[in-house]
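J.: Mind having a look at this structure? Questions to follow.
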2 protein chains.
Amino acid sequence: MTQAADHPQAQAGEMVIVKVGGSAGIDYDAVCADIAALWKAGQRLILVHGGSGETNRVAEALGHPPKFVTSPSGYTSRFTDRQTLEIFEMVYCGKVNKGIVERLQRLGVNAVGLSGLDGRIFEGRHKDSVRAVENGKVKVLRGDHTGTVEKVNTELIELLLNAGYLPVLTPPAASYEGVAINVDGDRAAAALAVALKADALLLLSNVPGLLRNFPDESSLIASIPANDVESYLEFAQDRMKKKVLGAAEAVQGGVRRVVFGDARAGLPVSAALGGAGTVVS
Amino acid sequence: MTQAADHPQAQAGEMVIVKVGGSAGIDYDAVCADIAALWKAGQRLILVHGGSGETNRVAEALGHPPKFVTSPSGYTSRFTDRQTLEIFEMVYCGKVNKGIVERLQRLGVNAVGLSGLDGRIFEGRHKDSVRAVENGKVKVLRGDHTGTVEKVNTELIELLLNAGYLPVLTPPAASYEGVAINVDGDRAAAALAVALKADALLLLSNVPGLLRNFPDESSLIASIPANDVESYLEFAQDRMKKKVLGAAEAVQGGVRRVVFGDARAGLPVSAALGGAGTVVS
């Protein structure tokens, strides 16, 4: 176990949180096969997933196209009115979550899929309004179902883990009043990693890691010092910004290692555990 | 507790399985408010739900309309190809399940929503083909994702109940190979009631109970002897047939009391516990 500090390979007994995004190109079959092999070898882990790309497709097909807003500080997020929330739940909690649970069950892993609403696994404040920049002006939009994870029900997760179940978690979260709120999956995974004192947090998406010159994949930033994560925000585009923010929150919360890895092929989880991608430590 | 035998009101400590359908007219707000009050008063219960009506609407909207087949023995069921299964999961596991969990969370009940795939709560054989009557001829249709619940993971359910969580369960189930299969919700609830040695199984839908002359609601059959349930199949139309079959399976499996009740208004669960509807005992 003394090797763990200098060799970025997780050891059996360590807890790893894997977050896999919902963008085009992500290979869920490869992710699940890798997770099943690691799980059977004794790795303790929890999977958190997204579903953004598929939510956009289903929302278009149902005649309620997605709406994204950009905050004055440059973060992009989905505007989640009630109808969007229901479509979001259909895709994240229905199609994507049960598709992953089914893949893992077929591979002999007894997975249990839950949203943050279930047992209030993810809990936070409901933000009903959002400040958005439109045509250079800041507007306030109301009727949003959004928020940030502030509390994690670690008891329920540990109950499942200790009974041999692999938790597969997804937004939405529950507000303190019990209302469903859309929360960022990367930051939810970071909050989970902090709450469980996880050894590693892997944020897997459809790029090789944080790129100095996006989208030039040869400009991969191989490592980021834990005490200086936020200064790398300038290299992050769009959705990568929340990953960098999540990484900063995780390492500030005591998680020893965060890796931005590639979920498009191969053994995405093992590769990230082995240090492929951008390692924050 | 000695009252329980002659007075059809469940007592604290007894286990009640409530199944609520997914047809038009069902008042989920009323069902959840009633369940929350009973739960807070100490009633042990589990909710199983459907989502058929909403699945039909979403399937139409997504351009993959539902297909129903009638077996040679007269049972109607959804033909569930892969695309239908994904829509089914979106509605049952996403929209309906999380909508119910959210209602219960808002009422202060720590609900946990799970499908039969999760932890293999409901398990059975995958039937890939179905015999269907079309234009008076029997045809065999392949590519079906369907089956019947044969095994229930009572350990996971009891783990949750004993930790204070109210389980909210829904199809699909898992095949023995881990594939998602569409199973009848009423019969899944009956299998659950038998496996947990439940005291009562309430099958709530959008009719007052079993009607002698459907749809004349004044022709309600108030009681059915437990040893003669199947002879009442002749009065059951369409979806009510599976409820009668589920009731027969439950009482044969040792469940003392099954009630077909009305979920359209009022206090649907308390009313059924109090004997409103058709009581099989």
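Each Cβ is built from the backbone N, Cα and C atoms, and glycine gets one as well.
Pulled the feature table from TrEMBL, pasting it below:
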DOMAIN    A:15-260  domain 'Aspartate/glutamate/uridylate kinase'
SITE      A:Lys19  site 'Transition state stabilizer'
BINDING   A:Arg78, A:Asn182  substrate binding site
SITE      A:Lys243  site 'Transition state stabilizer'
J.: A:Lys243 (site 'Transition state stabilizer'): which of the recorded positions A:Lys19, A:Arg78, A:Asn182 is the nearest Cα neighbour?
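T.: Nearest listed residue in space: A:Lys19.
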J.: Just to confirm: which same-chain residues, 6+ apart in sequence, have a Cβ under 8 Å from the Cβ of A:Lys19 (site 'Transition state stabilizer')?
T.: A:Leu47, A:Val48, A:His49, A:Gly50, A:Gly185, A:Asp186, A:Ala189, A:Leu201, A:Leu202, A:Leu203, A:Leu204
J.: If you average per-residue pLDDT over the domain 'Aspartate/glutamate/uridylate kinase' (A:15-260), what number do you get?
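T.: Averaging the confidence scores along the domain 'Aspartate/glutamate/uridylate kinase' (A:15-260) gives 96.
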J.: List, in sequence order, the same-chain residues at least six positions removed whose CB sits under 8 Å from that of A:Asn182 (substrate binding site)?
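T.: A:Arg78, A:Thr80, A:Leu85, A:Phe88, A:His145, A:Thr146, A:Gly147, A:Pro171, A:Pro172 - these are the non-local Cβ neighbours of A:Asn182 (substrate binding site), listed in sequence order.
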J.: Just going by other Cβ atoms within 10 Å, which of the recorded positions A:Arg78, A:Lys243 has the emptiest spot?
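T.: Output over recorded positions A:Arg78, A:Lys243: least Cβ neighbours within 10 Å is A:Arg78.
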J.: Quick check: in three-state DSSP terms, what is A:Lys19 (site 'Transition state stabilizer')?
T.: strand
